[in-house]
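Peer 1: Residues or ranges marked as compositional bias 'Low complexity' by TrEMBL: 28-41, 96-124. Annotation comment: TrEMBL describes 126-135 as compositional bias 'Polar residues'. According to TrEMBL, the disulfide bond annotation covers 138-164, 148-163. Residues annotated as domain 'P-type' in TrEMBL: 136-174. Per TrEMBL, domain 'ZP' is recorded for 179-460. The annotation region 'Disordered' is assigned in TrEMBL to 28-135. Annotation comment: TrEMBL describes 1-22 as signal peptide.
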């Protein structure tokens with residue numbers, strides 16, 4: 001056995017030596033582990049793992065740091081293009097409504113801003129408008145006559161310069177006289193009663209301003225203006241064979257601004273004046289610009305039947321008091337729309353219908369005006385608040401007493417008041433050509449020891465209306481008038 005073992009050992013050693021002689025690098029086995037690693041790559045698939053050592057290519061991962069291009073997300077901050085939304089705030093051009101309040105200054109010379117829009121009007125004169133004689137009025141009291149032309153002017157010469165002649169004197173007539181002189185001057189004479197209510201001559205202005213644009217003379221009845229055809233904003237245009245100089249007179253008016261709308265009681269005066277120089281001939285042209293037309297009304301039924309009427313009684317005898325006769329008669333349906341001149345008194349009566357209880361009292365809460373028969377429409381102007389006159393109105397509404405002396409069977413079933421006629425103005429402070437309707441909150445009140453059902457308008461604001469705050473909802477309603485319209489007389493001459 002030992003012999004066999006030795007033989008086998010010798011064979012193994014011999015085989016090993018023979019194998020070792022087949023490998024010329026016997027010294028590398030100094031680190032036998034390394035060849036073992038190389039032997040592992042003996043798998044043909046894994047020699048590709050040595051290609052992983054090109055993981056230095058993982059230096060490409062540093063390229064990922066190059067990907068801080070991700071800070072392109074800050075390009076989303078580029079989304080601050082959303083500031084374009086701030087541009088939407090630019091759209092609050094609607095807040096030009098606040099310019100309305102600024103407008104109270106502009107309304108004093110409102111025609112100005114509109115005038116540039118109407119200079120298109122000069123094109124109208126391309127067909128000259130011939131002033132009608134119906135606009136001329138020579139009925140001027142002797143004390144108010146102003147001489148027109150040089151002394152000794154005869155009737156024909158007087159007529160040629162658009163003035164009146166009474167047999168001995170050439171004088172300016174009503175309501176507006178325009179003269180165009182050969183030396184290039186506008187002469188304009190305006191009567192105070194050119195409008196109703198009478199115009200405030202000091203409020204008149206032209207397209208432009210300057211030292212020569214005010215009146216050169218005034219009386220209690222007239223104002224005289226004189227300036228060159230190149231002054232005061234006059235616009236010059238040319239037509240075939242004609243040189244036209246055009247300006248516009250306008251009057252400012254006071255606008256009252258309330259929480260729900262704005263109104264005015266001043267007449268609006270807008271007049272275009274034009275001098276046309278044709279060769280050696282001179283023509284003067286006066287054209288009235290814009291007249292406000294008329295308006296309608298309505299009644300709102302409810303559990304409480306109430307009627308709103310407008311009184312039209314007039315004084316026909318000397319010493320008569322208009323307020324005492326105003327409610328002796330009323331406008332009928334056929335009379336509507338009722339036309340009123342600005343600042344004319346409007347007499348309003350609200351009455352209970354179909355009630356015979358002498359112990360009930362009609363009370364008014366809020367009364368207001370709108371341009372529509374819808375009480376909730378806008379704009380609005382307050383006349384009464386809690387039964388008391390609206391304190392922020394310069395022309396304050398007045399309550400009129402209704403008592404036993406009125407001759408009414410149930411005087412407590414009536415409420416009366418009077419206000420001055422007005423017209424609404426739009427956001428640009430231009431008077432509206434709209435109708436005016438009156439609305440009132442009416443209710444029935446039962447008097448008691450602690451509640452007289454009468455408004456106490458002399459008390460502090462927070463206390464007003466204490467007499468009307470205990471009303472049952474079933475006994476309250478809104479009543480409306482029929483339409484009112486503002487009448488603007490066309491009193492203009494050349």
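Even glycines carry a Cβ here, placed using N, Cα and C.
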Peer 1: Roughly where does the domain 'P-type' (136-174) sit in mean pLDDT, to the nearest integer?
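Peer 2: The answer is 86, the mean pLDDT of the model over that range.
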Peer 1: Write down the Cα-Cα distance for residue 138 (disulfide bond) and residue 163 (disulfide bond), rounded and given in Å.
Peer 2: 8
Peer 1: State the Cα to Cα distance, in Å, between residue 164 (disulfide bond) and residue 148 (disulfide bond), rounded to an integer.
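Peer 2: Given the Cα positions, residue 164 (disulfide bond) is 8 Å from residue 148 (disulfide bond).
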Peer 1: Using all protein chains in view, find how many other C-beta atoms are within 10 Å of the C-beta of residue 163 (disulfide bond).
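Peer 2: That number is 24.
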Peer 1: Can you give me the Cα-Cα distance between residue 138 (disulfide bond) and residue 148 (disulfide bond) in Å, rounded to a whole number?
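Peer 2: Distance (Cα to Cα, whole Å): 12 Å.
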Peer 1: Of 138, 164, which of the disulfide-bonded residues has the most Cβ neighbours inside 10 Å?
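Peer 2: Output for this query is 164.
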Peer 1: Per DSSP, to which secondary structure element type does residue 163 (disulfide bond) belong, with helix, strand and coil as the options?
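Peer 2: The three-state answer is coil.
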Peer 1: Quick one: DSSP breakdown of the domain 'P-type' (136-174) into helix, strand and coil?
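Peer 2: The breakdown for the domain 'P-type' (136-174) reads 9 helix, 7 strand, 23 coil.
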